[in-house]
Amino acid sequence: MPRAGVAASAFKLRNIWHIHNLHRVRSQQTRLMSDSVEEFSSVFQHAKKVVVLTGAGISAESGIPTFRGEGGLWRDFDATELATPGAFAANPSLVWEFYHYRRTIVAGASPNAGHYAVAALQRRCRRLGKDFILLTQNIDGLHAKAGSTDVVELHGSLWETRCCHCKAVEANRNMPICPALDGKGAPDTVHEANIPSMQLPRCNKCNGLLRPRVIWFGECLERDVLRRTDDALQGCDLLLVVGTSAVVYLFWRNMMEVELHTDFVESLLQDDRLRSRIGLALREKSQYLLVAFRRFKFQGPSSVKLPTALGIGEDELAEMKET
């Protein structure tokens, strides 16, 4: 990957559209943002390569819990405690119960209008000859269920496993994934998770212990995912960010090597340490800021705001649900 890779691509974006309710945009930035559907439609018409990045917010309206913060715990844990290699090594039974519960929730969930709007946008882009790439931080598979294709799943998938021994990756939608997990994983049940290792999901090839094929805290993205993300952002001139505030995640690792040619949405940074480093970089290139950068912010539920902003009506959404 080129040294500036993902970072350079991201900073050359001319437009960022950000639907969110996760943070407050500072007053001076708010003045620079537009909620005009007409203006956004004009920008979309001129875009040649459209990239959509989605996060937990788009699936929350389908009833998918985030397991973060107060009220979002599974038993006495949040995801940062269970979604780690160390937690799996220490108690694979507990981690598999957690993921069995997540698979159960997702298996009973349906895509919402936000997912269908993204699928409709992909179809529209292809019809108009525009490049379209969908990147998602979600592991639920609801975009594919809504009709989106070639989805880049940044954090992996609940519906795939990887062998801890031979590293084989396989799709697995069995519910339960193994007999020992049947009836396990209830969020309000506090008991010792002690399913014997040999009764947990095992590899069909070598009988090694399986783990969910998801990216856990402390792990790097897979090499192929990084390559596809870099390819997606190369030449992208319209980035739509839906249901997440973590767009910086796409290019942070190379950020300090990049010559900034456009403004950066500082409010997307949640980490004070990162914010201070980016702030310094922005000030050093202040002559470039806010010159050719148009931003849009449509705040509210993505299932409502996304179809409206994209001009996707009820008939088109209904058609997507039927296909």
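Here the Cβ of each residue, glycine as well, is placed from N, Cα and C on the backbone.
Taken straight from Swiss-Prot:
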type     : residues                        : note
TRANSIT  : 1-33                            : transit peptide
DOMAIN   : 34-323                          : domain 'Deacetylase sirtuin-type'
BINDING  : 55-74, 137-140, 243-245, SER302 : NAD(+) binding site
BINDING  : TYR99, ARG102                   : substrate binding site
ACT_SITE : HIS155                          : active site, proton acceptor
BINDING  : CYS163, CYS166, CYS203, CYS206  : Zn(2+) binding site
Enumerate the residues of the same chain, CYS163, CYS166, CYS203, CYS206 excluded, that satisfy the criterion Cβ within 8 A of the mean position of the Cβ atoms of the recorded Zn(2+) site; list them in sequence order.
CYS164, HIS165, LYS167, ALA168, ASN204, LYS205, ASN207, GLY208, LEU210
How many Å separate the Cα atoms of CYS203 (Zn(2+) binding site) and TYR99 (substrate binding site)?
17
Kindly state the mean pLDDT of the domain 'Deacetylase sirtuin-type' (34-323) in the predicted structure.
81
Determine the Cβ neighbour count for GLY55 (NAD(+) binding site): the number of other Cβ atoms within 10 Å of its Cβ.
25
Cβ neighbours within the same chain of HIS155 (active site, proton acceptor) - under 8 Å, at least six residues apart:
GLN137, ASN138, ILE139, VAL214, ILE215, LEU221
Could you measure between CYS166 (Zn(2+) binding site) and TYR99 (substrate binding site) for me? Cα positions, answer in whole angstrom.
21
Give the number of CB atoms, excluding that of CYS206 (Zn(2+) binding site) itself, located within 10 Å of its CB.
13
Densest Cβ neighbourhood among SER59, GLN137 (binding-site residues), 10 Å radius:
SER59
Between the Cα atoms of GLY63 (NAD(+) binding site) and CYS163 (Zn(2+) binding site), find the distance and write it as a whole number of Å.
30
List of residues, in chain order, with Cβ under 8 A from that of ARG102 (substrate binding site) and at least 6 apart:
LEU158
Do me a favour and check the Cα-Cα span between GLY55 (NAD(+) binding site) and TYR99 (substrate binding site); whole Å is fine.
18
DSSP on CYS166 (Zn(2+) binding site), three-state: which is it?
coil
Indicate whether CYS203 (Zn(2+) binding site) is helix, strand or coil by DSSP.
coil
Which one of these binding-site residues, PHE67, TYR99, has the sparsest Cβ neighbourhood, judged by other Cβ atoms within 10 angstroms?
PHE67
